[in-house]
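As recorded in Swiss-Prot, the features of this protein are as follows:
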- 1-276: region 'Disordered' (REGION)
- 25-70: compositional bias 'Low complexity' (COMPBIAS)
- 79-107: compositional bias 'Low complexity' (COMPBIAS)
- 127-200: compositional bias 'Low complexity' (COMPBIAS)
- 201-210: compositional bias 'Polar residues' (COMPBIAS)
- 211-236: compositional bias 'Low complexity' (COMPBIAS)
- 277-534: domain 'Protein kinase' (DOMAIN)
- L283, G284, Q285, G286, S287, F288, G289, S290, V291, K304: ATP binding site (BINDING)
- D400: active site, proton acceptor (ACT_SITE)
- 641-734: domain 'SH2' (DOMAIN)
Amino acid sequence: MKRFFSNLFKRKQDQNSHIKQINGPTTSTPTTTPTTPTTPTTTQTPTPQNNNTNNNTNNNNNTNSNNSNQQKKEQAQASPSTNQTQTPSNNTISTSPTVTTQPSFTPGVISTSKLTTSPPESPRPPTSTTNTTQPSTTTTTATNSTNTNTASAPTKTASPSSPSATASPNNNSNNTTTTAATTTTTTTTTTTTNANQTASVNHTSSDQSLNAQNVTQTNNNNNNNNNNNNNNNANNTKPINPNDYIPLDFVDSTPKVDNNQPKRKASGPPEILPEEIDRTDFLGQGSFGSVYKGKCRGQEVAVKIPRKQKLSLYELTSFRHEVKIMSKIFHPNVVLFLGACTQSGKMQIVTELCQTDLEKLLHNDRTKKEFSLFRRMQMAKDAALGMNWLHGITRIVHNDLKTANLLVDINLRVKVTDFGFSQIKEGEEFQDKAAKGTPLWMAPEVMMGNPYNEKADVYSFGIILWEILTKEAPYSHHKDYDIFFNAICNEKERPPIPADTLPSLRHLIQTCWDHNPQNRPSFSEILFRLNEILIDCAIDFDDGRKYWKEHFLVPKQELQEEVEWSDFEKTLKATHKQLNLDYAPLKELLVQQSHQTVQKTKQVVTMERFDKVSKWFGSFFEPNTGIETIDNINKLSAKIWFHGDIVREQATSRLSKAAEGAFLIRLSSTEPKTCPFTLSMKNNQHRRIQLIDENNFTGFKIQGKTAVYNSLIELVEKCNDYPLLVPCPKFTQETFNPYDPYTN
C-alpha cells in the first residue's frame with residue numbers, strides 16, 4: 001500500500017509538470033479541501049458572483065474548446081503510450097487513490113475498449129437516488145485559462161460507498177459534455193466546459209457507469225437539493241403559505257437501536273428488544289418467574305421474566321424455536337403471545353394482559369360466591385377449549401396446567417397461559433423436590449420421572465375440575481413432599497368428591513385423574529362431556545335435560561346454549577302437534593336478547609331461562625301435559641294483576657302510583673321451584689305464594705297462611721287473608737321481557 005501511494009504521487013507530479021509545459025505558468029485559485037479518513041474529499045472555490053455576464057463569452061469560447069479537443073485527439077494518436085490525463089487547467093487538482101492499475105489509453109478520448117475481466121463487485125448495491133461515488137482514482141477540476149472569470153463553484157466528490165458522480169454547479173448546461181467509460185481496471189470521464197464548467201475524471205464499476213451516463217448535477221445555494229443539468233431543471237422552492245396546514249412536530253419515541261446489532265427480519269418470530277419493554281406494576285410470581293404489568297410499543301401487556309436467564313447454546317436455540325411456535329397460535333381461549341426478547345440474560349416474554357386468574361376467583365371469599373356451578377363449568381369448558389387447541393394443532397404439552405395459569409379477561413373468558421418454553425422453566429419447589437410444573441396438579445408419571453404425553457395435562461385438568469367444583473385448594477392437608485409423593489404415586493390418593501355432585505361431573509373428574517394415562521379421555525372427549533354437564537347444571541328437571549339434549553346437543557358439534565326462538569318454536573310445535581296453540585305469552589316469558597352475538601335484536605331461549613320457566617309453570621314442553629301448561633300460562637297472562645317477571649323494587653314503584661288496596665302478582669326468582677309467585681301489596685308488603693304438590697294434588701297458598709287454593713287465579717279471587725281490592729294495572733307499552741324488566 002505504501003508503494004502504491006508513492007507511485008501515485010509521482011505520477012501526479014509528472015502530470016503537473018506536463019500541464020505546465022503545455023499551458024505555461026498559471027495562477028491557482030485558492031482551494032479548501034477538507035479530508036478525513038472516513039469522509040469524501042471536497043474541493044471548494046469561490047462561487048462566481050456575476051455568472052450571467054459571461055454567457056456570451058462562454059458561448060464564443062465553446063468552439064475554441066472543441067477545436068482544442070480535436071487537436072489533442074490527433075496528438076494522442078501519435079503518442080499512445082501516454083498514461084496520464086492532460087487537461088488545461090489553472091485550478092486545483094483533487095485526487096483520491098485508485099484500487100487498480102491503469103492500462104494505457106489515449107488522452108482526451110473516451111475509451112471504448114471491451115472489458116477483459118469482470119469488474120470488482122461493489123460492496124453495496126448502487127443507489128441511483130444519491131450523489132455518492134465508489135472510490136475514484138483521479139478527480140481533475142479545471143477552468144479555461146482564457147476566461148476572464150476564473151472562479152468556479154464548489155465541486156464535491158461524494159462518499160466511497162455509492163455510485164460515482166461529481167456535482168458541479170453550472171447554468172450553461174447546453175455547453176457541457178459529460179461522458180463515462182469503463183475498462184478492466186480504470187474508467188476515465190473527460191468533461192470539457194467553459195469558464196463556469198468542470199472536467200471530471202472518475203473511476204466506476206461497469207454497472208455503475210451504465211447508470212452514470214450523461215449525469216451532471218447542480219447544487220443550490222444551501223447545498224441540499226441537486227438537479228440534473230442535462231434536463232435544465234431549475235431549483236424551485238415552493239413559498240410557504242401561512243394559511244397552509246402545518247402538522248405538529250413528530251416526536252419519535254422509537255428506542256435508539258445500536259446499528260451494530262443484527263437486523264431483525266420482517267418475517268418470523270416477533271423479536272422484541274429489551275429497551276422496547278417498560279415494566280410497571282408487579283403482578284405475581286410462579287414457577288415460570290415474575291410477571292409484571294407493562295407497556296410495549298404503546299400497548300398494555302403482561303411481561304414475564306423467567307427465573308432462568310443463562311442458557312446453553314442448545315437451550316437458547318430451543319427457546320427461540322418455541323418462540324416461533326408460540327407466535328403462530330391464535331385462539332380465543334389461549335393467551336395471545338405478542339413477542340419475546342431472546343437475548344441471553346435479558347429474556348422476557350410479552351403477552352396480552354388479562355384482569356385476573358381463575359385461582360383468585362375461586363378462593364376469594366367475595367368473588368367465589370358470585371358464580372353458580374353452571375357459570376364455573378362454563379369456565380372449565382373455556383380451559384378445555386384452549387387445551388384442545390394446543391394438543392390438536394401444535395402438539396404442545398403444557399406441563400404446568402393449574403388454576404393460576406388459567407387467566408380470566410374482563411368478559412370472564414378463561415385463557416390458557418404459560419404453556420411451552422420448557423427450556424426456561426424451573427421446577428416449583430415443594431420441599432425442594434419437583435419436576436417441571438407444580439406438584440399438586442402434577443400427574444404421577446411426571447412426578448416419578450417416567451415418559452409422559454398430553455395425557456399428563458388431562459390429569460391436571462381433573463384436579464382443576466375438582467377445584468372448580470369445591471372452590472377449595474387441593475391436598476391442603478399435605479405438607480411434606482415425600483409423604484405427598486407416596487400418597488399420589490403409590491397409594492393413588494385423590495381429593496374427596498362431594499356426595500351431592502352431579503353423576504356426570506363425578507364420572508368426568510374420576511376418569512381425568514385416573515392413575516393409568518391410557519384410561520384418561522382426550523380433551524376432545526372432555527369437551528363433549530362438559531356439554532352434557534352444562535345441561536345438567538342449567539336444568540334441574542330430568543325431563544327438561546332430556547328434551548334439551550335430544551334437540552340441541554348434536555354429537556361432535558358445539559352445544560347450543562342459546563337457541564333462536566324460531567327454532568325453539570318449531571321443536572315445540574313438533575312435540576305438541578297442535579297447530580292452533582298460542583305461544584305468544586310463552587315467548588314473552590322465555591325470550592331474551594342474545595349475550596353471545598353482537599346483534600342485540602336476536603331473540604333466543606337460554607338453558608337457564610328454559611329451566612326457570614319450567615319451575616314456575618311446569619313441563620310446558622311435554623307432549624301430553626305441555627298443552628295444558630301453555631293454556632294455563634295464556635289464561636294467567638290475560639289477567640291485569642299479573643305483571644310477570646319483575647323485581648321487588650319495580651313492584652313497589654308501580655304500587656306507589658296506584659290507589660289504596662292495590663296489589664299485583666309477580667314471578668319469584670328466589671325459590672322458583674317451591675315458591676314460584678309473590679303477592680305484592682301497597683305500603684311495601686310482599687308475601688310469597690307457595691306451591692303445594694303432594695299426593696297427586698297441586699295447589700297454592702300464601703306462605704304463613706293455611707288456606708289452600710286449586711289455582712293461582714282462585715287464590716286471587718277468593719283470598720280472605722288480605723284485602724285484595726284494586727288490581728294494579730300493567731302499562732300499555734310494557735312487556736314481560738325479563739331481559740328488560742324496568743320498561744315503563
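Numbering starts at 1 and runs along the chain as it is shown here.
Each residue, glycine too, has its Cβ placed from N, Cα and C.
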Give the number of CB atoms, excluding that of L283 (ATP binding site) itself, located within 10 Å of its CB.
17
Rounded inter-Cα distance in Å - D400 (active site, proton acceptor), V291 (ATP binding site):
16
When secondary structure is assigned with DSSP, how many helix, strand and coil residues does the domain 'SH2' (641-734) contain?
16 helix, 31 strand, 47 coil
Tell me the Cβ contacts of Q285 (ATP binding site) under 8 Å, same chain only and six or more apart in sequence, or just say none.
V291
Number of Cβ atoms other than its own within 10 Å, given for G289 (ATP binding site):
20
For V291 (ATP binding site), what is the tally of other C-beta atoms lying within 10 angstroms of its C-beta?
22
Calculate the per-residue pLDDT averaged over the domain 'Protein kinase' (277-534) and state the result as an integer.
86
